[in-house]
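Visitor: Pasting a structure below so you can have a look.
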Amino acid sequence: WEFNGSFYQPPAFLMMGIPGLEALHHWISIPFCALYLIALLGNCMILFIIKKTQSLHEPMYYFLSMLAVTDLGLVLCTLPTTLGIFWFNMRRIGFDACLTQMYFIHILSFIESSVLLAMAFDRFIAISHPLRHPSILTKTTVIKIGLAIILRGMVSLLPIPFLLKRLTYCRKTELSHSFCFHPDIMNLACADIKVNVFYGMIILLSTVGMDFIFIVLSYILIIKTVISLATKEECLKALNTCVSHICAVLVFFIPMIGLSMIHRFGKNVPPLVNTLVAYTYLIIPPALNPIIYSIKSSHIREALLRALWRK
């Protein structure tokens, strides 16, 4: 693409659906609609049950509510553009609208990572210090943790849109996904993007990277505590309370790490693989988390059955 050295900022970007399968977009939209519907209904159900069930008003379920709200936010950020492409071939998105969508997608991803860390901390306190758990994680403390998580995400990512707006762009405007993603926009620039790359990597490692490390450390301490328990039944009971959270961590972090690696080192990766990993990262966790917690948490399952029975 030719570039004459003058400052250029495209009025809009063109988003891609699934490369090579454009003719099948209407059929492909069916599983996407199902996943979005499951995510919306499932997370709303989790929030409704926790709100209406007094016995679930404790730290573990407060953090689960934060996770559900974050998942709803991620779904609502990507749903309009994804289904707009599949149903109506609406590929165009304005430059500022794209930066806004990108900002909220990244904020919500960082918030989800931090909420998963808070849930790991909750499980560690509940297993290691069960008698002190209510006094350590009070309702006020949980609210403060939630506000700190939101503030960290907003502040750490605030420079990203401005770093992108200062760049000069080539005439190429096609994004790799049906949503706006920082590395994707950055790679369309004709200017030096070293600052963007460096800042993006530092923020990713200092937030999501540190969250993952502390989650692993939390589970190392949990396993050490569980091993010291007297009976096998107590060990299994303690570990069973962590299964849902472990599944949620794996479902979120594995695709996220894969997508980050592809954007930074996978120049020769087929576009289809890149697209599928991105969809897995942003759509699968919001759809699976309510299912995981509904199946594994007996308290939520019982509350759901009671609500259905009353109806």
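Cβ atoms are placed via backbone N, Cα and C, with glycine included.
Positions annotated as transmembrane segment by TrEMBL: 24-50, 62-88, 100-121, 142-164, 197-222, 243-264, 276-295. Per TrEMBL, the feature domain 'G-protein coupled receptors family 1 profile' maps to 42-293.
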Visitor: For the domain 'G-protein coupled receptors family 1 profile' (42-293), report the average pLDDT of the model, please.
Guide: 90
Visitor: Can you name the far-off residues of the same chain, 6+ from the ends of the transmembrane segment (24-50), with a Cβ under 8 Å from a Cβ of it?
Guide: 17-18, 56-57, 61-62, 64-65, 68-69, 71-72, 75, 79, 82-83, 85-87, 89, 279, 283-284, 286-287, 289-291, 293-294, 300, 303-304, 307
Visitor: Six or more residues beyond either end and a Cβ under 8 Å away: which residues meet both conditions relative to the transmembrane segment (243-264)?
Guide: 67, 109, 112-113, 116, 119-120, 123, 181, 183-184, 201, 204, 208, 212, 215, 219, 273-274, 277-278, 280-281, 284-285, 288-289, 292-293, 296-297
